[in-house]
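Asks: After the C-alpha cells below, expect a handful of questions from me.
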C-alpha cells in the first residue's frame, strides 16, 4: 500500500505575474471564441427565464442540474469550487432547509465575484454583495425568516443567487438540503422525511439532471441514499454520480486491479454509468480566491500523480482519466448543460409563445372584469343567463341524464344515508335495501329510489302491540252503549294512534332524504354546465371569479330546497291527519273490501303491482326470486282481489267521485240509515252492524302484510282483547295502504320535482335579481375589490412583459442555432 504522504504536498504559490498572464490569455481566448459567445447568450436567456419562472411560479421544463446527497457529502465545497471562491469562509454549518438555485455567469469583466439574490416575491435582483462572508449569512437568514413565517421545518421555495465572476463557468445548479438521518436539536422529528420528500419532488421532473454526491469512504453496497436516487431515476440515465473526498480513499489502493474495480463501480451503477471522482482542498484557512483555485488545480494534479506512481501498475487512464478530478467534472457539467440548453431551445420557444398568449388572454379577461365592476346592466344579464343555465341543468338531471359520469358524481343508498346524516329509517329494525341500492345514482333516478325505499320502510312496520290496559280503557268506556260498537271503535282508535306515532317520523325522514338528493344536484349542475361550455366552446361570460355571486346562488338554491322540504312535510302530515281521522274510516274500509292494492304487500319490501321498479344491479341475480324487491308476488285468488272486481255482496265506493254524481252516492248508505232507519237505531249502530256482518275471512298480520287464515280458527274462539288487536292491525294496514298508495307518493313527486322543473329559475331570479343595484353589486364588488383587481392586473402586466422579453431573446437564440 502506498504512503499517503507521497501524493499530497503543501501547495506552493504561483508567481503573481505569471498567474495574471495566464488569466489574461485565457480570457482573451474566451472572448474571441464565437461558440462561447453563442453559449453565453443562450445561457443568459435561460437564466432570465428561470428567474421569471421562480418569481411567477411558472412550471417550465428548463434543463437544470440538481445537486443531492447527504449533509456531509461535500455539496457546499463542490459549489464553492465551481464558483471559484469561498463564501462560507467561517466554515459554519449553514444547514439550509431551502433549495438554492445558483446561477453562475462567466463574466470576464467581473475580476471579483458579484453575488446578487433575487427578491423573494419578484423577479428583480438586489444589490451586489461583495463580501464573501455575507453570502452564507443571507442564505441562513432568508431560510430562518421563511420557515418562521410558514411554521415549517423545510420549504420547497428556492433561494435564487446570481454569481457573476470571471473564473466561474456558465452553469446553473440547484443545491438541495442534505439528507439527514436525525433532526437537529430543536427541529421536528419528521424533518429527515420532509427533506427526503422535498428533494425527490425537486429531482423528479424529467428535464432535470441529478448530480448525486457520496463520500468515497462509503461503500456502494451500504449507501443509504443510493436507493433514494434509484427511486427517482432507476436506470441512472439522467444521473451524474460524484464520489467526493476521493483523496481519503487513495491510500487503500495497492495495485491496478483494485483501482480499476473501484473506479468502474461495476455491479452497483450499471455498465453505462461512470462516476466522477473528485477531491478538493482541505485547508480552510483564509486565503485569496486565486490561491483557492490554484489549490483545487494542484489537488487534481496530485491525485492523478498518485494513481500513476503510488499504485502498482497505475490505472486504466484511457478508460478512467476523463472521470477523475474536479476540472473534468466542471467541464462535463458545463458542456452537458449547454447541450441540453441547445436541445431544449425549440420546445422552450414554443412553450414561451403559448404562455405569452395565455397571459395576454388573462389580461383581456381582467380588463373585462374591471370594466364590468361599473357596468351593472352587463353583470345582471350575465348573472341571469348563468343562473338560468344552472336551473336548466337541474331540471335535466331530474328528468334523467348520464352526464357527468354517475360513477363519479352519483351515490349509492348507503352513501346517501351516510352523507345526509339521516341514517336508517326511524322505527324500522330491518335493513331496507331497495332495488339498485348499490348503483351510483343522482337526480330523478336517485329520487325514485328513495321513494321506493320509503314504501319498503312503511310496509315493514307492523301495528305495535297494545297493552290490555289501553284496550280496557277504550272498550269499557263504551260498555253501556253497545259492545259491537265499542270493539270496532277501540280497534280503530288504536290503529289511528299507532299510525300517527309510527308513520309520521317516516314521512319526515322521506322528505329529508329527498331534499338531500335534490340539494346534491347543485354541484352536479355546476359540473355539467362547465363541461357543456367547454365541449361546445360557448363564448359565455366567465363568472368563475365572482365568489360572492356563486355563494349567493348556492345559498338561494339551498333555501329553495329547504322550503320545498318544509312544505312537503306539512302536506304529507296533512294527509296523515286526514287518513287517521275517524270520519275517513268508511272510505278506505269499503275500498279495501272490494280489493285494493294493499293485498299485494304481503312482504315488507315488495312494491305494488302498479309500481314499476327495475332491478339493475348485479347483486339481484344471486338472490332468490322471493326476495326480489321489484317483482310483485304471485297472485292468489284466496288472498287478494283486483281493484274494481269485487264480489257482488260488496258495496263499491269510488276512489274519486264523478262530477256527474251527487255526493250522496258515495255516502248514501250512511245518510239513508240516518234518515230512514226502520228500527230507529242510529247511524253508528248501523255502521257497526254493517261492518260486523260482512263476509270477511279472519286474518292475521305478518311483516306488515295481510295474511288470511281459515275461518274455523278465526275470531270465534278468540277473546275480546285478541279480537281488538287483530282488528287494530287490520285498520293500521288499511291506513298505511291509503297513505302510501293514494297520498304520499304523488304528493312528494308534485311537491319536490314539479317546483324544481317549473319554479326554480323564477325563485332564484327573485332572490338574486329583484333588488336594487347597490345590493346587487354587493355580490360582485366587495370593499376594496377593485383595488385587488387592479393589483392583479399590474402583476399580469409585469409577467407579460418579462415573458415577452424572454420570448424575444429566445427567438434571437433560435436564429443562431
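Along the chain as shown, the residues are counted starting at 1.
Even glycines carry a Cβ here, placed using N, Cα and C.
These numbers come from a predicted model, not from an experiment.
The annotation GTP binding site is assigned in Swiss-Prot to 69-76, 175-179, 244-247. Per Swiss-Prot, the feature compositional bias 'Polar residues' maps to 1-20. The feature compositional bias 'Basic and acidic residues' is assigned by Swiss-Prot to 618-629. For 59-346, the entry in Swiss-Prot reads domain 'Dynamin-type G', with the evidence type sequence analysis. The region 'Disordered' annotation in Swiss-Prot covers 1-37, 405-425, 616-658. Under the heading region 'G1 motif', Swiss-Prot lists 69-76, citing sequence analysis as support. What Swiss-Prot records for 175-178 is region 'G3 motif'. Positions annotated as region 'G4 motif' by Swiss-Prot, on the basis of sequence analysis: 244-247. If you look up Swiss-Prot, you'll see 280-283 marked as region 'G5 motif', on the strength of sequence analysis.
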Asks: Using CB atoms and a 10 A radius, I'd like the single residue among the binding-site residues 179, 246 with the highest neighbour count.
Replies: 246
Asks: Output the one of 72, 176 that, of all these binding-site residues, has the highest number of other Cβ atoms within 10 Å of its Cβ.
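Replies: That would be 176, with the highest Cβ count within 10 Å.
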Asks: Using a 10 Å cut-off, grab the number of neighbouring Cβ atoms around the Cβ of residue 69 (GTP binding site), all chains included.
Replies: 23
Asks: According to DSSP, collapsed to three classes, what secondary structure does residue 179 (GTP binding site) have?
Replies: strand
Asks: Once the DSSP letters are reduced so that anything not helix or strand counts as coil, what is residue 75 (GTP binding site)?
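Replies: The residue in question, residue 75 (GTP binding site), is helix (DSSP, three-state).
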Asks: Which residues does residue 75 (GTP binding site) neighbour through Cβ under 8 Å, counting only same-chain ones at least six apart?
Replies: 67, 69, 175, 178, 213
Asks: If you run through the region 'Disordered' (405-425) with DSSP, how many residues end up as helix, strand and coil?
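Replies: Computed counts for the region 'Disordered' (405-425) are 12 helix, 1 strand, 8 coil.
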Asks: Please work out the mean pLDDT for the residues of the region 'G4 motif' (244-247).
Replies: 90
